[in-house]
Structures are given as C-alpha cells and as structure tokens.
Amino acid sequence: MTEISSMVISHKKAKIEEMESAWHGDLDGLLHNLYNHEYIHECVVLKTCNRVEIYVVSPSSSILFSFAKEMGASTHIIDFYGHDESLEHLLRLAGGLESMIVGEDQILGQIKELYAYSKKAGTTGKILDTAFDKAIQVGKRIRNETRINKGSVSIGSAAVDLAEEILDGLAGKSVLVIGAGEIGVLVAKALAAKDIEAIYIANRTFKKAEELAYELGGYAVKLNDVQTQLKNADVVISGTGAPHYILTREIVEKAIEERDKTRKLLLIDIANPRDIEESVAELDNVKLCNIDNLRVISEKTLKMRKEEAKKAEAIIQEEIKLLNLQYKRQRADKIISDLYKQIYDVRIREREKAVNRLCAYHTIGKIETDVLDDLTHSIANKILAEPTKVLRQAAELGNDEFLDVAARIFCLEKDKVKAEKIKSDCGIKVEKMKPDCESATDRVSEKGN
C-alpha cells in the first residue's frame, strides 16, 4: 500500500552545525531529485533554521534511508517515521509542539509556504495534499482554542529575551538587526516593545529595511554599511537567508578596533546557515550566541505552557482520528472509482457491439441507441451499488485486508506489484505474486460473445 514516510533532522537531536552540514543543496534540486525517483509518487521538503524534513509517498517505507546516505547526514541525528508517525509529527509540528519555542506562530507560516512551493513545483498529490491541508487546519485550531502561542513564541522573540538575560535588560541599548525577512521582522517587533535607545535595520534590499524601520521608528542601514554600524551597536541579532557569512571575523575585528575598549558587543546568530563566522567568538569583548543558546529560553517557555500543550495534544489526537478516517474513505473511493471506470469501459464496449449487431439487421435511430445506453448504464449502476456500500463500510471499519482483496480480485491497484518489485530489487524474497490481470475484463467480455 502506498503511504507517507518521512525523515526529520531537527534541533532535538542535531546541533546547528550538524543541520547545516546535513543539506547544502537548493530546494528545487532536492524536490526534483526526490520526485524523479522511480518509487516516489509525491514529496514535500520543509527547511527552516531549526529543521530539515522530507515527506514522501511511496510503496516502500525505507526509501528515505538511501536519501539520508546521499545527503551524508549521520543517522544518529535523523528520525525516520512511517505513515502514522509522520502524520502525528506533522500535526504536532503545525501546532507548534515540535518547535524549539513551543507554540511559536512562525512554523505554521513556514509549513504553508514550503507546502505551497512543493505544490507549485508539481511534486504533491492527493495523499500529501490531504495531510498538509489537515496540518494547517489543526495548527490554526490549536492557536485559536488554546493560549499556546501567548508570550515569547518565536525564535526572534527568544533571541531578544536571550539578549535581555545576558545584558540584564536592554534599556538604553543600541541594537542592530540584520535581515528584514520573516525572522528579522519578528526580532524587530519584539525589540520595539523594549525600552531600547535605538533600533537599526540592515537588509540586502534597502527598501525593505526602510519600510520596517519606518514602521517601528528605527533607522535603515545598507548592508554594505554594517561594519560602520558595528562601532556603535551594543547588540547585533542576525537572521538572514544568505548562503554565506554576513559578519566575518575580519569585519568584526575592524569594528572592534574602533570601539571603546571597555565596551562589550553581543552578537546573536539565529540564521541557518549561520550569518556570523564562528571564530568571531575568539575576539576580545565579543560574546557570540547562536540557536543552540536559545534552548535555555525554550525550556523556560515550555514550563509556562505545559497546560496549553496538553490541550493541544488532545486536539491533535482528535484530528488524527478524523484524518485517518479521511484516508480510509479515500482508499475506498479510489477502489470504487477504478471499479466504476472498469465496469463502464466494459459497458461502452458491449453497448457498441450491441449497436453494431442491430445495425447489421436494420437501421436503428437515436431512440434505440438511447434505450441501449440507459439500459447498460442502469445495469452497471445496479451491479455496483451493493459493492460500493460494502467497500465504504469496510474502509470506515479499517478493514484493509478486505479492500486489498477487492482490489486484487478486480485488478485495480498497481502499487502491490510495485512494492513487490522494490522488495525483489532489494533481494527480499517475494512469496505472493499478483495474478496476471492484463485484459481480464476483455476475457470476460470475449467469453460472453
């Protein structure tokens, strides 16, 4: 049976450098590499600063092991999930329960965006569409019905909380935010609520920096002028999507030389890949923090939200049951649809044969052909009515064996053959072979001639 499987690399097992080294490629390349695989029917890739997750639909549940090897990721930082585990994880993820900052809103937006990206690329289908539509719906419901997203609930706001904790408050401090994308906006808005002296926004696209700075009463800075701004900043929080360092050791070192020697500089890097070169931490009067340092803030937030998390868990378990029922109905609907198509193909062929035989004796008009059409249509529907009812009941009861047998009897599903081929390719003994269904209906109709 074709089902969802997934592989997850996240902050729970991997450090920031391990997540960076797990995947260096672009999203398009990975999506198409997955989708072009013979045994993968659908795929979605989620890549954020805290995780790399791959969801595929395949008759082989072990298909992602080979991709993990290709990525060069160490297996000790990867979780591999089967169908049921993948669904539960995805709903938990959308609900904010898998985030470093439990209940954060940002992850739901990222899921929407990355799912839409895969959908536009043409790599999704009915199975993943159903899962991701449900996940997005559940994420919204959890935030509407619980208080899990109240307070400091994003990487951006957690970075600001970390700066406050390290500096014993931000009052009178000058803060430079590098990046005016989603993370940068979250950081800047969290800072705007603090009693800081000034906020500076630097971005590759200067217009975006100007717009955000204007909204928050700050100052826009061109990315090329960041080194100059470092001379005056107390805190720098960087969260761009750049594939290279924004602040190299050389840039920071030059800025430090022009600063008051007793003045310390706090750098917080919340980008993945990282924006700030690691060796910057070796410089005098510089403290460098990254995503791993946010775990302390995350743990404090988690304690405050345990009760809300319990409510979210209850919603997820309720929605998982509904999602599984939806999949069961879809399985029956697919078999029923294929069965109707098969019977209707026979109906059309036999109707044409009947018309041709009648035409051999005398001319027939539209009335006669309409009667034949109605007759064969009615017979087909009456024959299929009871099987349709029974198949839907079996699906709702979770009787997969019954559905499998029905599909085999009528030669409807090809995934079983494909799964057996995969096992055969892997050297696994295949004891059961699918009967030859080629032109089975033709043989039935030929026998009736």
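Positions of Cβ are set from backbone N, Cα and C atoms, glycine also.
For Cys49 (active site, nucleophile), the same-chain residues lying six or more positions away in sequence with a CB closer than 8 A to its CB are Ile155, Ile183, Gly239, Ile270, Ala271, Asn272, Ile291. The annotation active site, nucleophile is assigned in Swiss-Prot to Cys49.
Note on Ser99 (substrate binding site): other Cβ atoms within 10 Å of its Cβ, all shown chains, come to 25. Sequence annotations record features per position, and here Swiss-Prot assigns substrate binding site to Thr48, Cys49, Asn50, Arg51, Ser99, Glu104, Asp105, Gln106, Gln110.
Taking the Cβ of Ala180 (NADP(+) binding site) as reference, residues of its chain lying under 8 Å away and at least six apart in sequence are, in sequence order, Ala188, Ile201, Asn203, Thr205, Lys208, Ala209, Glu211, Leu212. Among the features that Swiss-Prot reports, NADP(+) binding site is placed at Gly179, Ala180, Gly181, Glu182, Ile183, Gly184, with the record citing sequence analysis.
DSSP classifies His89 (site 'Important for activity') as helix under the three-state reduction. If you look up Swiss-Prot, you'll see His89 marked as site 'Important for activity', on the strength of sequence analysis.
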Could you give the maximum C-alpha to C-alpha distance in Å for the residues Thr48, Cys49, Asn50, Arg51, Ser99, Glu104, Asp105, Gln106, Gln110 that bind substrate per the record?
-> 15
Minimal Cβ count within 10 Å, across the binding-site residues Gly179, Gly181, points to Gly181
Would you count the other C-beta atoms found within 10 angstroms of the C-beta of Asp105 (substrate binding site) for me?
-> 17
C-alpha of Gly179 (NADP(+) binding site) to C-alpha of Thr48 (substrate binding site): distance in Å?
-> 15
Gly179, Ala180, Gly181, Glu182, Ile183, Gly184 excluded, remaining Cβ within 8 Å of their centroid (NADP(+)) = Val185, Leu186, Val187, Asn203, Gly239, Thr240, Gly241
Round to the nearest Å and give the CA-to-CA distance linking Gln110 (substrate binding site) with Glu182 (NADP(+) binding site).
-> 10
